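Below is one structure, written out as structure tokens; comments come after it.
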Amino acid sequence: MRSHTGLRALVAPGCSLLLLYLLAATRPDRAVGDPADSAFTSLPVREEMMAKYANLSLETYNISLTEQTRVSEQNITLERPSHLELECTFTATEDVMSMNVTWKKDDALLETTDGFNTTKMGDTLYSQYRFTVFNSKQMGKYSCFLGEELRGTFNIRVPKVHGKNKPLITYVGDSTVLKCECQNCLPLNWTWYMSNGTAQVPIDVHVNDKFDINGSYANETKLKVKHLLEEDGGSYWCRAAFPLGESEEHIKLVVLSFMVPLKPFLAIIAEVILLVAIILLCEVYTQKKKNDPDDGKEFEQIEQLKSDDSNGIENNVPRYRKTDSGDQ
């Protein structure tokens, strides 16, 4: 009540109607949208983009070409939106004033805009291309062509994810941990995938308690696979998401059964048994060969005795002298 009384005291009776008109004119109509009102409450798209990318850092990269080095490449890693300035420099003994300069993104020719700047000073040519990388569409391969034989290429990509290069070998019933990391970078998030034979399937730890996903630091991720079965072996992928794109790494998991580690021992046992059998056969053959000469000697002795006996009988038979037929 006191507040209304005070208001009436401040407003003169003759000004009451004027005040009501002013209030009605300045009151926003919520039923009907006012374009001017929306323009007042939100920035235009261009101003919003300018404000969003005003604080981006400028990164400069240079490739130097010579008559000896006519083709050169450079890899650029970008984690977040940035302003880029790519520069190709060519120094030659010949005149470079008549040399034509073009830029391409992948295989598409880039149109000449304010971002291009080519300067020729004596025997040196400088060509710059400045632009803003704010999404994955600006990533790729940028090349400067100086004439027909000189080329400098900038490969712009997101940070690379590193995992285990060799297959990870484990056994049925065990648990294992697959790890991926990104050096000197901070991904927005990590996602794990496994192969179902034909495609990559996201791993959801909330649905399948066989998996656990964690990491001690933001630039790494770990996938724990529990109670391994042979069918759990196969291909796994870790994927890191960045503001400018994604990067993934492939990890091979091999799950062996209990018989697999026993196979080498069984093979050794089989080899030992075979070796022992060969040794025994050799011993039997050698022993038999030793016995065979004795039997031969006995046979020879018997034959010799028979021969001697026959000779003795022949010697005991009386011999008769032959006489001439005339004497008879």
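Backbone N, Cα and C define each Cβ position, glycine as well.
Fair warning: this is a prediction, and the values are worked out from it, not measured in the lab.
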Problem set entry | C144: disulphide-bonded cysteine as recorded in Swiss-Prot, out of C88, C182, C185, C238 | C88
Problem set entry | Member of C182, C185, C238 annotated by Swiss-Prot as disulfide partner of C180 | C238
Exercise. From the Cα of N214 (N-linked glycosylation site) across to the Cα of N100 (N-linked glycosylation site), what is the distance in angstrom?
Worked result: 54
Exercise. Residues with Cβ closer than 8 Å to the Cβ of C238 (disulfide bond), same chain and 6+ apart in sequence?
Worked result: V161, G163, L178, C180, W190, T191, W192, Y193, T221, L223, E248, E249, I251
Seminar exercise, completed: Mean per-residue pLDDT in the domain 'Ig-like 1' (67-160) works out to 90
For this session: Kindly report the helix/strand/coil residue split of the domain 'Ig-like 1' (67-160) according to DSSP, in that order.
Result: 3 helix, 55 strand, 36 coil
Seminar exercise, completed: For N189 (N-linked glycosylation site), the number of neighbouring Cβ atoms whose distance to its own Cβ is within 10 Å equals 10
Problem set entry | Secondary structure at N55 (N-linked glycosylation site), reduced by DSSP to three states | coil
